[in-house]
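Chemist: Pulled the feature table from TrEMBL, pasting it below:
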DOMAIN    24-105  domain 'Manganese/iron superoxide dismutase N-terminal'
BINDING   HIS49, HIS97, ASP182, HIS186  Mn(2+) binding site
DOMAIN    112-215  domain 'Manganese/iron superoxide dismutase C-terminal'
Amino acid sequence: SFFSSSRSGVKLIAPLGCLASRQKHTLPDLPYDYGALEPHINAEIMQLHHSKHHATYVNNLNVAEEKYKEALSKGDVTAQVSLQPALKFNGGGHINHTIFWTNLSPNGGGEPKGELMEAIKRDFGSFANFKEKLTAVSVGVQGSGWGWLGYNKEHGRLQIAACANQDPLQGTTGLIPLLGIDVWEHAYYLQYKNVRPDYLKAIWNVINWENVSSRYTACKK
């Protein structure tokens, strides 16, 4: 924890002390089997995506953080600045995929219920309109990136956004991530080749609306 309590209330511990004792990032387990999302996303894609691609982001993030810790301890600002792209890319890759796996479910699809559905209708007119907009934004990402449904806490509204590469939604736009759609080619190429729209059509069948709804409820508190 970054905090320690004392009689005068809560005080911050020096961040360096926390960095020194921090745990390494680890690859989270998938909440389902690699083949559980078939036929919409096949087992081979899921296995490579999780055990190779996500694992690489985790490993590289740990390496970058070790180097950053060293640069901090030496007061080497040049090295700290030069490590920022690696931290952003691998840190973003780890954050994004950790959300993505939980946004998907073999029991997914259909439409959300309750508060989230009300908010979608309020902010996009209808679920069909929302789905069309998020699909269009995701199809339109040039090269690699993500399509997102986020929550704008300041305005109390849902918002759609696209992020390039592995830029994490909250760290780069301030929006709280609710639903992310990975449109890197490694997320679909083995099954859908270069036809990204077909992958995006299929992914709606495995969206875990319970997870998206619980994220929405949590960030509104």
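Cβ atoms are placed via backbone N, Cα and C, with glycine included.
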Chemist: From the DSSP assignment alone, can you count helix, strand and coil residues within the domain 'Manganese/iron superoxide dismutase C-terminal' (112-215)?
Modeler: 54 helix, 24 strand, 26 coil
Chemist: Would you count the other CB atoms within 10 A of the CB of HIS49 (Mn(2+) binding site), including those on all shown protein chains?
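Modeler: For HIS49 (Mn(2+) binding site), the 10 Å Cβ neighbour count is 23.
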Chemist: I'd like to know which of these binding-site residues, HIS97, ASP182, HIS186, is least surrounded, judged by other CB atoms within 10 A.
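Modeler: Output over binding-site residues HIS97, ASP182, HIS186: least Cβ neighbours within 10 Å is HIS186.
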Chemist: Taking helix as H, G and I and strand as E and B in DSSP, count the residues of the domain 'Manganese/iron superoxide dismutase N-terminal' (24-105) in helix, strand and coil.
Modeler: 58 helix, 1 strand, 23 coil
Chemist: Using an 8 Å cut-off from the Cβ centroid of HIS49, HIS97, ASP182, HIS186, can you name the remaining same-chain residues around the Mn(2+) site, in sequence order?
Modeler: HIS50, HIS53, HIS54, PHE100, TRP184, ALA187
